[in-house]
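J.: First, the structure itself, so that you have it in front of you.
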């Protein structure tokens, strides 16, 4: 019941995805061959959210893995949990997208997309009541961004009423992998605004900062970064997979977090994050978790929530704790930092509590916030985009694949509209909304 279909695309998506499956398998007590080796019945109660049970009692992830080159797939297949996936669900091309959005979206990706959709359809038919899709990808490359957004729009056509949740890794401000990242990211955001329901915005630089500052790792690897992401990913869906006092699912999350349909880009955070050495000196309490999860240093994308205001936020706690205490802490946060919340959305912090904590912790929490400060990310990408686009730099890579300059202009203006929408709601006050209502009320009296 309430299954989620997981899709990972491109190198980044596949690496995050494989880490995520390690975490989920661990939580449900499933070993790398797909056998159940857990100890608690709760692990099996709703294991079917992410797993199909095969005839021989093995659990097979509901995962579709796609890429335009075989390299990353091979490393997933040889990785610790490589044998657990259904072999038919690996869909890959040979040519690669070469960090080119147009190749992923229009040429190479378009040739492969039908075979990916067949696998998705097959998995969806195996579900009892499909809740939605979660997609892992990056927006800077070619496959995750170009083909990822193509797949999202195709799935949107075929399953219009299912939730579409994405974990999107944005290009970092200071660390750039390729020069055309701003192009790829802008073209992708253009698609995500229209076709996704909820986007969790991640960014390598912010994740590096968390590893350096909070976890005190001297040389963080991508594995460490992906581990942070997968902790958050499993936190978002823990309410579906384990019993809890206040449940939430993807749709409830959307209802509570998205006041206006286009503004669905969220910041995420996770607590407790402590360095290995200092772990034993910290008490895990609800106030302690709350304080860390609202901390700006804890956000997994390079935007500072103190520069904007929260439209809405959601806190998902895991572990044995009293709901009363959780509610008190949430009200406390809102009262103390009231200037950081818009006053025209009442009760804009939603909390949920799930009884089963992650492995090795007594309690943990996942934070998802819809903050207007996320516009910093879009602004930054947009500036880099404009700097290149007005000189038409590197455009021939895209026009050569059959794209039109018009598409770039459209994507650019869509992103700028998004930024100004966030700005508009950041500046909006309750009085303005009030005046508007008064005018409406006066109309009948004049008649």
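Cβ from N, Cα, C; glycine included.
What Swiss-Prot records for 11, 69, 138, 142, 143, 144, 204, 226 is GTP binding site. According to Swiss-Prot, the feature Mg(2+) binding site maps to 69, an assignment based on similarity to another entry. The compositional bias 'Polar residues' annotation in Swiss-Prot covers 411-427. As annotated by Swiss-Prot, compositional bias 'Acidic residues' applies to 429-447. For 411-447, the entry in Swiss-Prot reads region 'Disordered'.
Map these features onto the structure and tell me what's around them.
T.: Secondary structure at residue 11 (GTP binding site), taken from DSSP and collapsed to helix, strand or coil, is helix.
Cβ neighbours within 10 Å of residue 69 (GTP binding site), excluding its own Cβ and spanning all shown chains: 19.
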J.: With DSSP as the yardstick, break the compositional bias 'Polar residues' (411-427) down into helix, strand and coil residue counts.
T.: 17 helix, 0 strand, 0 coil
J.: Let me spell it out: for each of the binding-site residues (138, 143), count the other Cβ atoms within 10 Å of that residue's Cβ, using every protein chain shown. Which one has the most?
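T.: For the binding-site residues 138, 143, the Cβ with the most other Cβ atoms within 10 Å is 143.
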J.: Tell me the Cβ contacts of residue 142 (GTP binding site) under 8 Å, same chain only and six or more apart in sequence, or just say none.
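T.: Counting only residues 6 or more apart in sequence, the Cβ neighbours of residue 142 (GTP binding site) under 8 Å are 10, 68, 96, 97, 98, 99, 100, 101, 103, 104, 184.
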J.: With the GTP site defined by the record as 11, 69, 138, 142, 143, 144, 204, 226, how many Å span the farthest pair of C-alpha atoms?
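T.: Taking every pair among 11, 69, 138, 142, 143, 144, 204, 226, the longest Cα gap is 23 Å.
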